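Notes for the one structure printed next.
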Amino acid sequence: MEVEKGKGTNVSDIQGEDDLDEEPGEEIESAPPLKVGEERELGNTGIKKKLLKDGIHWETPEFGDEVTVHFVGTLLNGAKFCSTRDNGEPMTFKLGEGQVAKGLDHGITTMKKGERVLFTLPPDFGYGAVGRDGVPPDSIIQFEVELLSWITVVDIYKDGGIIKKIMEKGERNERPSDLDEVLGILNFKYQVTLVDGTIVAKPPEEGYEFYVKDGHLCSALTKAIVTMRRGEKVKLIVQPKYAFGEKGKDATDGFPSIPPNSVLNIELELVSFKPVIDVTGDSKVFKKILKEGEGALVANEGAAVTISYTARLEDGTVFEKKGVDGGQPLEFITDEEQVIPGLDRAAATMKKGERALLTITPEYGFGSVVAERDLAVVPPSSNLIYEVEMLDFVKEKAPWELNSKEKIEAAGKKKEEGNILFKNGNYQRAGKKYDKAVDYVSEDGLFQDDEKKLMKALRISCWLNGAACSLKLSDFQGAIQLCSKVLDFESHNVKALYRRAQAYMETSDLLSAEFDIKKALEADPQNREVKLLQKTLGQLQVESNKRDAKLFTNMFARMSKDSSVPIKKLKVEKAEHGKSEEVTAAETECMGEPSTPSEDRMAVDQS
């Protein structure tokens, strides 16, 4: 039975009423749940809701959703004016579009699936001063409603171009990203029809494999997929601009053509997808997860991992196997350069039991050299493919898992490892070791005084050594930051002032460098390395003054061309200025040629 629309009712009436103090369902959410037989007013609307039968789950429909309900409408004296139960056919309509009395729209948004209630609607939320057939003007009316089901309707681009009706919700709260691969008929199913029901596209029986970012069939398909959860089933209504537009589509693969400006209906199911992760952030190592691992923990850096893998070239040539076909798995510690960088970085992101396919470019593989492996030779600049399974890993203990003594021991060990790497010229890894060492002793906490002193000394030593690494790597701002941390604790630390001055000189901040050198000489007037650095600074200042003088000379020369002012005085000043520069340069030469500062007293702290 069709129910008349409320007179003058529309979406804005429902969603923009001044007398609605709360959003639909807010009263139910903020108050204790109704018990069967209990009645409550919804906000300050005058709408009363009496629970007759409890529903299931916790979700409720929203405006715009398509609901299917049974209802019986009566006056307060029991006279019936409408009913869907008379013919046994429930009614399906979209909430908020004025297809029923607006109070009924509002009340249904508070209902759970299977719930049965009695709504009492005041005239303003019923049929008002006009009334309807069987309902006198200004009547209080009642609806007994049972919410059978609803379909969530989403306007994906808020322009009506792609309407998504969720027929079955996904089981997990995860969606594919642009990199993810939706693979084959087992993972991705769809059927495309015209308005008249003509089928115009389906995937082949053997399935279809593609990356979301590359798209498939029409833009609407890809745009809808990235909004879907694993296991979700939807129906799409696609307008021409997100389908095939004015051109349409020619007949292909046994399917008829799609006429220009056709609206498409697409039934779509996302059964599963294989996530693809950009491991290094530069699109040079991709990890496609073939099998999810256990729990939430990943190996991370410094973990002792055990993996099995098959490694091959792009042409399919297998060049190495570990832990397959009866072989021994590979054990190594991540972030220790024991395997190629791509495998190392990817293993650190894997969960126990995870199986993944890695695509590794030469920069993270064997580079431009020939690599002789167990089963074949890897040519220079080869892209590599590894199918890897994380069999097990033992994570390095986090600082919070250790007591104070263990923290100090761990920091000392990391610092020593950093020193060895520094001596071998591996400054980047050395710097990371110093950073990790500081993590172990970064907070004083409730420790004894002697432990606090030792932890402070370790922090300062590692910051200084880290600054030395930064200088070697031309990371001058990093060196400045680390030295500044030391100077916050020890304002006259000579090493920190020396290294920060070096970094300032490299960034042409000569005034700051001069300040640090003077302060270092106040603390240690006989320090040979600082004196040599001061001499180098003097030369840089002379060169800087010459550049400035040349700049101003050229500036005045250009100005004089357009001026009638005599330039004789300017020439005299320029000559005198040049003479003073020659004197300064001579004085600097008398101090001796600059030499490279000795590493004896300013080297990496080994203590």
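The backbone N, Cα and C atoms fix where each Cβ goes, and this holds for glycine too.
Features of the protein shown, as given by TrEMBL:
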- 1-40: region 'Disordered' (REGION)
- 15-29: compositional bias 'Acidic residues' (COMPBIAS)
- 64-151: domain 'PPIase FKBP-type' (DOMAIN)
- 183-274: domain 'PPIase FKBP-type' (DOMAIN)
- 302-394: domain 'PPIase FKBP-type' (DOMAIN)
- 494-527: repeat 'TPR' (REPEAT)
- 572-607: region 'Disordered' (REGION)
- 572-582: compositional bias 'Basic and acidic residues' (COMPBIAS)
- 598-607: compositional bias 'Basic and acidic residues' (COMPBIAS)
With the cut-off at Cβ under 8 Å and a gap of six or more residues from its ends, the chain residues touching the repeat 'TPR' (494-527) are 463-464, 467-468, 470-471, 474, 476-477, 479-480, 483-484, 486-487, 533-534, 536-537, 540-541, 544, 601-602, 605
Summed over the repeat 'TPR' (494-527), the DSSP helix, strand and coil counts are 27 helix, 0 strand, 7 coil
For the domain 'PPIase FKBP-type' (302-394), the DSSP residue counts stand at 10 helix, 40 strand, 43 coil
The predicted model's mean pLDDT over the repeat 'TPR' (494-527) is 95
The domain 'PPIase FKBP-type' (183-274) resolves under DSSP into 17 helix, 32 strand, 43 coil
